Amino acid sequence: MSPQTETKTGVGFKAGVKEYKLNYYTPEYETKDTDILAAFRVTPQPGVPPEEAGAAVAAESSTGTWTTVWTDGLTSLDRYKGRCYDIEPVAGEENQFIAYVAYPLDLFEEGSVTNMFTSIVGNVFGFKALRALRLEDLRIPPAYTKTFQGPPHGIQVERDKLNKYGRPLLGCTIKPKLGLSAKNYGRAVYECLRGGLDFTKDDENVNSQPFMRWRDRFLFCAEALYKAQTETGEIKGHYLNATAGTCEEMMKRAIFARELGVPIVMHDYLTGGFTANTSLAHYCRDNGLLLHIHRAMHAVIDRQKNHGIHFRVLAKALRMSGGDHIHSGTVVGKLEGERDITLGFVDLLRDDFVEKDRSRGIYFTQDWVSLPGVLPVASGGIHVWHMPALTEIFGDDSVLQFGGGTLGHPWGNAPGAVANRVALEACVQARNEGRDLAREGNEIIREASKWSPELAAACEVWKEIKFEFEAMDTL
């Protein structure tokens, strides 16, 4: 043993296992403006005190490990360690609490959502002392936010590119999602766009399969949208899914989309990964492409109330990584989403400054310091009867996406698109005239259907369709 090692172990180091709370539970700590703050819903194993469980989360997601190590003496743990600074019981739950943890900014690489998540949630969720753990919210400080480009363009730039103002944008996912040839797929795109939609969309699992290779799909969809633009005089788009098995292949597809002159591409950001997503977002800004984001796989991560990561955290991460649209649930359709909670993370996507509001699940005040906003996309089981509620809930800065609610029209795709466009224009006009969409919505749709046979047919088909299940995502 060298003299230096002997001195270190003899004077300052004592091997063994210490309780986490001795170093990582610090209720006296005053958080700094530069700290990343996290709110964890913790369910400890029986016999584990809240202070020890909260401290364990702070330790295992920052500088700690299960035993004392002599290299602790070679750095300043007080500077780098995470701290559990507050513990709050969860109302109505016997053995569950919210642990608030502060992380020094120096723990994280600038501009890397990948590194942020690897640190905060990468290892601690498998910790045996915890029965379950859920990351409910993060406060991203301005000092860290400023290291990210964020969305390639943002809401205002997108509206300027499309020359469309004063209403939600309308979209449609092409169905069946798998099995169509590229030419038939392009035909479906054309019919929807000429009928009045702003966008059509590849579904999340449309990549480059044997029945429809990506290059063929891109070419036929570009032909369809240019033809629809010529006929309607409106700028049209189709979300060309660039998601691929490698980043290099993804970028090749995005480059080809740019060469075709189309306005927008798409990425599955969770299955594709944050590193790939951020790379694509940077390319899109540099080359004038809008970026639509699908959240495929999100429910695997966020659906369980006691374990995983809440979608509001994934939404914040997407705004940092980069995307101009992201699917956000509908409140009224077939997919998960309770109204107040959904609107909470919708505000976190769109607004520049969002106050703490626990009634909407927002644990921290969030200042985005002018990072561009993201348009929420309402999609999944919606149809013309939902239009008043969707317009009232999401407002103008949103994309309302009707897949089956367009393609399921008894007269075909173009009449289905007409029905949705007429319903939307009627709702926007009624709202601008001061009418109450929540109370008068059905009447507004019925009035409009008198002047639109396409809307009348859609109203008849979907008059009995409801998705009345209790939301899992509650406070």
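For all residues, glycine too, the Cβ spot is worked out from N, Cα and C.
Feature annotations, courtesy of Swiss-Prot:
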type: MOD_RES; residues: Pro3; note: N-acetylproline
type: MOD_RES; residues: Lys14; note: N6,N6,N6-trimethyllysine
type: BINDING; residues: Asn123, Thr173, Lys177, Arg295, His327, Ser379; note: substrate binding site
type: ACT_SITE; residues: Lys175; note: active site, proton acceptor
type: BINDING; residues: Lys201, Asp203, Glu204; note: Mg(2+) binding site
type: MOD_RES; residues: Lys201; note: N6-carboxylysine
type: ACT_SITE; residues: His294; note: active site, proton acceptor
type: SITE; residues: Lys334; note: site 'Transition state stabilizer'
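Here the Cα atom of Asp203 (Mg(2+) binding site) is found 6 Å from that of Lys177 (substrate binding site). For Arg295 (substrate binding site), the nearest of the recorded positions Lys175, Lys201, Glu204 in terms of C-alpha separation is Glu204.
Around His327 (substrate binding site), the C-beta neighbours below 8 angstroms that are at least 6 residues distant in the chain are Ile293, His294, Arg295, Pro376, Val377, Ser379, Gly380. DSSP assigns His327 (substrate binding site) to a strand. The Cβ neighbour count for Thr173 (substrate binding site), using a 10 Å radius over every protein chain in view, is 24. Long-range Cβ neighbours of Asn123 (substrate binding site) (same chain, at least 6 residues apart, Cβ-Cβ under 8 Å): Glu60, Ser61.
The two recorded residues, Glu204 (Mg(2+) binding site) and Thr173 (substrate binding site), show a Cα separation of 9 Å. Neighbour density for Arg295 (substrate binding site): within 10 A of its CB lie 23 other CB atoms from the protein chains shown. Annotation for Lys175 (active site, proton acceptor): spatial neighbours Asp203, Gly403, Gly404, Leu407, criterion Cβ-Cβ under 8 Å with sequence separation of six or more. Sparsest Cβ environment among the recorded positions Lys177, Lys201, His294 (other Cβ atoms counted within 10 Å): Lys177. Thr173 (substrate binding site) is 5 Å away from Lys201 (Mg(2+) binding site) when you measure Cα to Cα. The most densely surrounded of the binding-site residues Asp203, Glu204, Ser379 is Ser379 (count of other Cβ atoms within 10 A of its Cβ).
Taking the mean position of the Cβ atoms of Lys201, Asp203, Glu204 as the Mg(2+) site, the remaining residues of that chain whose Cβ falls within 8 Å of it are Thr173, Ile174, Lys177, Asp202, Asn205, Val206, Tyr239, Asn241, Met266, His294. DSSP assigns His294 (active site, proton acceptor) to a strand segment in the three-state reduction.
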